[in-house]
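Asker: Just passing along the structure, written as structure tokens.
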Amino acid sequence: MRMATWNVNSIRARVDRVTDYLIREDIDVLCMQEIKCREHQFPFDAFTAVGYEVVMHGLNQWNGVAIASRLPMTDVERDFPSMPGFGEPDADGVSPLEARAIGATVDGVRFYSLYIPNGRELDHPHYTYKLEWLRGLARDTAGWLAGSPELPLALT
């Protein structure tokens, strides 16, 4: 199986480059980050036309992740259980989650497309958020590996 990962920095601006790359490089699974769109804005038809299905997680013009595959995808999961939120907390004190993680199983391999937060300066709130995010990912990764040690895992 051939897989790749690409921070596309807006899938709508680069859809032709991405689909050309998939065909030219004979990629089976592509994990994309920074797709910068919501579901109704994603160019699904362009991927379908070249033989790929896509699962995506995008909430606004920032962030967003997706996985494109020529093979069937199962067990799609948006976010991960220990993923922290960022920003103004709601009435329950919970900060909103950003669209930074999506996972799917393809032909016996578990893939996660991850858009890791930028930490900025050491004293910036984004730095604290990045560390919390990475600790949550490490915790959940340890759980995935312990729960299914035979399942190959690709974090991209």
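FYI, residue positions are counted from 1 along the chain as it appears here.
Heads up, the Cβ atoms here are built off N, Cα and C, so glycines get one too.
What you see is a predicted model, and the numbers here were worked out from it, not measured in a lab.
Annotations for this protein, taken from TrEMBL, read as follows:
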- 4-120: domain 'Endonuclease/exonuclease/phosphatase' (DOMAIN)
- ASN7, GLU34: Mg(2+) binding site (BINDING)
Asker: Should ASN7 (Mg(2+) binding site) be counted as helix, strand, or coil on the basis of DSSP?
Answerer: strand
Asker: Long-range neighbours only, meaning 6 or more apart in sequence with Cβ under 8 Å: which ones does GLU34 (Mg(2+) binding site) have?
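Answerer: Within the chain, GLU34 (Mg(2+) binding site) has Cβ neighbours under 8 Å at ASN7, VAL8, ASN9, SER10, ASN63, GLY64, TYR115.
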Asker: Starting from the Cβ of ASN7 (Mg(2+) binding site), draw a 10 Å sphere and report how many other Cβ atoms land inside it.
Answerer: 11
Asker: Give the three-state DSSP assignment (helix, strand or coil) for GLU34 (Mg(2+) binding site).
Answerer: coil
Asker: Please average pLDDT over the domain 'Endonuclease/exonuclease/phosphatase' (4-120) for the predicted structure.
Answerer: 96
